[in-house]
Amino acid sequence: MGAMQVKKNPYVEAWVAGRETLEERFRFTPRNIRTALLFGVLVPYGIYLLVAHDMAESKSTDRPEWKHLKREFPGVPVRSADSAQHS
Amino acid sequence: MLWSFFHDSLLIWINNFPLLGCIIIIFIPRNQLVLIRFFSLIISSLTFLITIYLWILFDESYFYFQFVISKKILNFELIQYFLGVDGISLFFIILTSLLIFVCFLLNWNANEEYNKEFLILFFMIESLLLNAFSTIDLLLFYIFFEGVLIPIFTIIGIFGSRTRKIRASYQFFLYTLLGSLLILIAILLIYFETGTTNINFLYNVDFYERKQLLLWLAFFASFAVKVPMIPFHIWLPEAHAEAPTSGSIILAGILLKLGGYGFLRFSLPLFPYASFYYSPLIYTLSIIAIIYASLTTLRQVDLKKIVAYSSIAHIGYVILGIFSFNVQGLEGSLLLILGHGFVSSALFLCVGVLYDRYKTRILKYYSGLTTFIPLFAVLLFFFTLANIGLPGTSNFIGEFIILIGLIQTSVIATIFSTSGIILSASYCLWFYNRLIFGNLKENYFKFLQDISKKEFMALIPLVILTLIMGLYPNIFLHSIHITILRLLTHII
């Protein structure tokens, strides 16, 4: 099957090699730092807050209640079931 | 007499049959490569048949571990060769033996570089994985879990395809080892607190809440690297890109499942409080894995990296299912683990078919293959659709049941994770379109050849299993249902 080997294009090979060694050329520029903070910190933290709030308020819905879940998640303010009902 | 001996120690036979294969191959001269491959295929097919026999004997209504075997290895209470199977481990065992058989079939008339040592390493992996999935002792699990590192490290480092293979193998080794050191400390802490590492006893131990939080993190560090979850995933695309086709099949098909198995077997039942406590964190990491990995897949140009990143996205669903703490989520995650084992292995096999012929995995060279290799195009289309999660295929059932389970736990997480379905359709169809349709780039190719009988025979079992699981998943669900209920009694 070796006879079927593709005729390689040096430009494509160089382009792919460049993509594979991206970490060697990476520099922390202001733009990169902004992007890293946005997608590495802010977006995950936003998702975390949304998910944790959703799970913490699950008692006010008809979703099953878990004996182990004390509805206290790091960084998320606790809202008790009573206050949820009053509000 | 002999039959009852075989029957009573079935798990020992299954787990150590591959070692018998190792011993046989060691004594066959190196130049008798056909004979070596013949014996490998026979031994691996026999192992697979015995695991099917195990499934036939498996009692679906029994609550606890079955085929339990306990052998004292040393004059030391801590280490006992303690084996057993339940609904969770049963299909991991069958999947392992099936994929190893497929790998041997694939290597039937491969290059001479895939020689005696290569096959011995595969038998070692098989034996270690089978032991890891069937042991019911925490310390033994750790030993087998870590033991798998050595043959895989060697396979990537020696039998890899390019110069970056050394870097990839070290990356894989260091990532996994670093995570695993914490689990060893946790196991020792558990042993000194409870006096045992037997899971049957440990399931009845109620760890103090603060201790659970710490121990859970130690287990998480190890399993999250193995799964892998973002941000512990860097080693995976590198390892896949450098490993030979069979290595990628084992990596994607079984090795990544060790992490999911670890969560199901240890993290959830041993530390239920901590599992609930950390569930928003796990959900966040899984959602990030699904979305970011899918977006990363869209901009890959290496065929193997496309499949590798899509695996990370799919495993995100598995983890969401495991941490949804209900029957649907847990059963769905097990089905998706199995389904992903068939589909991703088949996709790696398809990529391997192209690489064996044309010695490149760069997408830029390929286009318009359907005109010249139609059978390959049809099979690849089937597995691409299965990877998307088309109804009637295994991944659809898994993902669908997971989402049913997940919506009972978190609506927000369900909304985020469903975006992954659209993204997976985008990258899979784009990948297929660029590879198969369009005009053939004739300046790169001398001539093309469709898949061989051997490759077809390796792919067909995976096609059948993907369809069976997609059309009638109850075959699998019946066997895992009772075990999942038992698992839930430990959690809720």
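In case you wondered, yes, glycine gets a Cβ from its N, Cα and C as well.
Some features that TrEMBL has for this protein:
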DOMAIN    B:137-418  domain 'NADH:quinone oxidoreductase/Mrp antiporter transmembrane'
TRANSMEM  B:12-28  transmembrane segment
TRANSMEM  B:35-58  transmembrane segment
TRANSMEM  B:78-106  transmembrane segment
TRANSMEM  B:118-134  transmembrane segment
TRANSMEM  B:140-160  transmembrane segment
TRANSMEM  B:213-236  transmembrane segment
TRANSMEM  B:248-264  transmembrane segment
TRANSMEM  B:276-295  transmembrane segment
TRANSMEM  B:307-327  transmembrane segment
TRANSMEM  B:333-354  transmembrane segment
TRANSMEM  B:400-432  transmembrane segment
TRANSMEM  B:456-477  transmembrane segment
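Between the transmembrane segment (B:400-432) and the listed ranges B:12-28, B:248-264, B:307-327, B:333-354, B:456-477, the one holding the most Cβ pairs under 8 Å is B:307-327. Looking at which of B:140-160, B:213-236, B:248-264, B:456-477 has the most CB pairs under 8 Å to the transmembrane segment (B:276-295), the answer is the stretch B:213-236. When the stretches B:12-28, B:118-134, B:140-160, B:456-477 are ranked by Cβ pairs under 8 Å to the transmembrane segment (B:35-58), first place goes to B:12-28. Of the recorded ranges B:12-28, B:78-106, B:118-134, B:307-327, the transmembrane segment (B:140-160) has the largest number of C-beta contacts under 8 angstroms with B:118-134.
In this chain, the transmembrane segment (B:456-477) lies apart from the transmembrane segment (B:307-327): fewer than three C-beta pairs between them fall below 8 angstroms, excluding pairs fewer than 6 positions apart. Spatially, the transmembrane segment (B:248-264) is not adjacent to the transmembrane segment (B:12-28); fewer than three Cβ-Cβ distances between them are under 8 Å for residues at least 6 apart in sequence. The transmembrane segment (B:78-106) and the transmembrane segment (B:307-327) are not in contact, since fewer than 3 Cβ pairs between them lie under 8 Å (pairs 6 or more apart in sequence). Non-local neighbours of the transmembrane segment (B:333-354) in the same chain are 88, 91-92, 95, 99, 102, 106, 240, 244-246, 248-249, 252-254, 257, 260-261, 264, 303-304, 307, 310-311, 314-315, 317-322, 361, 366, 376, 379-380, 383-384, 386-387, 393-395, 397-399, 401-402, 451, 455, 458-459, 462-463, 465-466, 469-470, 473, 476-477, 480, 484; each lies 6+ residues outside the stretch with a CB under 8 Å from one of its CB atoms. Listed as Cβ neighbours of the transmembrane segment (B:307-327) (distance under 8 Å, sequence separation of 6 or more from its ends, same chain) are residues 227-230, 233, 236-237, 240-241, 248, 252, 256, 259-260, 263-264, 268, 275-276, 279, 282-283, 285-290, 293-294, 296-297, 300, 333, 336-337, 340, 344, 347-348, 351, 387, 395, 398-399, 401-402, 405-406, 408-410, 413, 417, 420, 423-424, 427-428, 481, 484-485, 488, 491-492.
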